[in-house]
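If you look up TrEMBL, you'll see 8-50 marked as domain '23S rRNA (guanine(745)-N(1))-methyltransferase N-terminal'. According to TrEMBL, the feature Zn(2+) binding site maps to Cys25, His29. Taken from TrEMBL, the feature S-adenosyl-L-methionine binding site applies to Tyr71, Glu100, Gly101, His191. Annotation source TrEMBL lists domain 'Methyltransferase' at 93-172.
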Amino acid sequence: MSTLENLSCPIDSAPLQRCERSLICQHGHTYDLAKTGYVNLLPVQNKRSKDPGDSKEMVTSRHAFLNQHHYQPIVQAILSSWPKENLHNGVRILDAGCGEGYYLSEIGRVLSDQGINAERMGLDISKWAVTAASKRDKDISWLVASNASLPMPKERFDAVLCLFGFPVFTEFSRVLSDHGVLLLVESGADHLIELRTLLYPSIHEYKATFAAGVPGFELLHEQAERFTFTLDSQLHIQQLLSMTPHIHKASYDGREAVKQLNSITLTADIKLRWYQKEIKEVNYV
Ligand SMILES: C[S@@+](CC[C@H](N)C(=O)[O-])C[C@H]1O[C@@H](n2cnc3c(N)ncnc32)[C@H](O)[C@@H]1O
Ligand SMILES: [Zn+2]
């Protein structure tokens, strides 16, 4: 069951207590649970736009695409590369920018088959994404919140996952326990290259992100994952396109060319990087 435990008030950082279908801080700030069980901890003053994050349409498309399990090899790669000493019974996992919840849900299912019980929390700035996630899996605590200001105390988690998302390293470091790990998953140079070749007149040179390292973290392990999958209808092709930024960036001619397809075989080219939180040395004099 989702517990929504050990969270902080986004206004004053005071601990939140569960009282039936609300979370309340000692100063009386109250956050009601939505019908589907998630809680919105994104105060209006922290919103940069009225409807931040992925739109309802993007979330619907991502949900339909991920439910076809073409990206199941990514779930397997995450689990097989997870640092072994971190993956113990009771491990506390945060998915920061969880989208519609596919990965965190699948990770929990596989871990539970292996006899590992994980406490899982997923958050996203998009209320559409969190609504979909909260319908997908009732065993996970789901929040609307921003990576820029995580509504939870320090050292709350043993692992933070940021999959195709927007990392905020100071916040990730704060909420990780000593020896906690961070996973970044990003697309590599050839990701969906067949589609991008149709969409753009030329392909930009690939630039690796965080090549110079990540502040506050030490790289433990880096891995590339490559596989192919086939989409066999125009609907499935449009669903994939609509969950990516290409839907807005591609040229008119490119999008028209993709509308002519009935099937396409695509390369998935993914980078996984595991980091460990750097522990600051204390100098005793
Ligand atoms: C490309 S999607 C990836 C979603 C999910 N991790 C997946 O792989 O299916 C990026 C997600 O980050 C969310 N997002 C954008 N800015 C955010 C922020 N500041 N804090 C948390 N989530 C954010 C978006 O709403 C969107 O759901
Ligand atoms: Zn408060």
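Including glycine, each Cβ sits where the backbone N, Cα and C put it.
The structure, with features from TrEMBL marked on it.
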| residue | record | DSSP (3 states) |
| --- | --- | --- |
| Cys25 | Zn(2+) binding site | coil |
| Tyr71 | S-adenosyl-L-methionine binding site | coil |
| Glu100 | S-adenosyl-L-methionine binding site | coil |
| His191 | S-adenosyl-L-methionine binding site | coil |
Under 8 Å between C-beta atoms and at least six apart in sequence, can you list the same-chain neighbours of Cys25 (Zn(2+) binding site), or say none if there are none?
Ser8, Cys9, Ile11, Asp12, Ala14, Pro15, Leu16, Gln17
Whole-number Å value for how far His29 (Zn(2+) binding site) lies from Tyr71 (S-adenosyl-L-methionine binding site) (Cα to Cα):
40
By a 10 A CB contact count over all chains shown, which of the binding-site residues listed here is most packed: His29, His191?
His191
For a quick check of understanding: given the listed S-adenosyl-L-methionine-binding residues Tyr71, Glu100, Gly101, His191, what is the maximum Cα-Cα distance in angstrom, as an integer?
21
Work out how many Å separate Glu100 (S-adenosyl-L-methionine binding site) and His29 (Zn(2+) binding site) at their Cα atoms, rounded off.
27
Tally every other Cβ atom lying within 10 Å of the Cβ atom of Gly101 (S-adenosyl-L-methionine binding site).
24
Which residue counts does DSSP yield for the domain 'Methyltransferase' (93-172) in the helix, strand and coil classes, in that order?
26 helix, 23 strand, 31 coil
What binding-site residues among Cys25, His29, Tyr71, His191 have a C-beta sitting less than 6 Å from any atom of ligand 2?
Cys25, His29
Rounded distance in angstrom between the Cα atoms of Gly101 (S-adenosyl-L-methionine binding site) and His29 (Zn(2+) binding site):
27
